[in-house]
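According to Swiss-Prot:
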- 2: active site (ACT_SITE)
- 157, 160, 163: Na(+) binding site (BINDING)
């Protein structure tokens, strides 16, 4: 699977992801880019789950962002409604972590939209490791959101066999 982590602190939001693509117990690719900028570079998005499924979701989510002029919450809720009602989408196995300058959200494979506490998101096979590390760093250091995301992803990659050390990191400063 993968690890995606998003951290918000001091007018900065970051989404970071590793690059490993696995098929069963085999590493197929080590430098996949699972974090992207959407809607005129104003929205960050990362995915965990099936790669083809995630690209389908990225396309649909970007269309919703365009439809709602970049309003993240409205686009996410509309995407979730589609996910629940569209037979094809219901079969997609992926999670999206999305963020802009106002909020951070998880869009789940069940069609749920979750705004996490503390604006900390972690999804994927190494998500619990990354979340634990990021929580400790948020509570006990003055590191930037970028530094916390990078360090927590490194820790997850050291522990989770489905997460590697190749990182894609996108940040928004506001």
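Cβ coordinates are placed from backbone N, Cα and C, and glycine is handled just like the others.
Recorded features from Swiss-Prot, shown on the structure.
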residue : record             : DSSP (3 states)
2       : active site        : coil
157     : Na(+) binding site : helix
163     : Na(+) binding site : coil
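The Na(+) site, placed at the center of the C-beta atoms of 157, 160, 163, has further neighbours from the same chain whose C-beta lies within 8 angstroms: 3, 18, 20, 125, 126, 129, 153, 156, 158, 159, 161, 162, 164, 165. Residue 157 (Na(+) binding site) sits 9 Å from the residue listed as 'active site', taking the CA atoms of both as reference points.
Counting only the Cα atoms, the space from residue 160 (Na(+) binding site) to the residue listed as 'active site' is about 9 angstrom. For the pair formed by residue 163 (Na(+) binding site) and the residue listed as 'active site', distance between Cα atoms is given as 5 Å, rounded to the nearest Å.
Summarising the environment of residue 157 (Na(+) binding site), the number of other Cβ atoms within 10 Å of its Cβ, over all protein chains shown, is 22.
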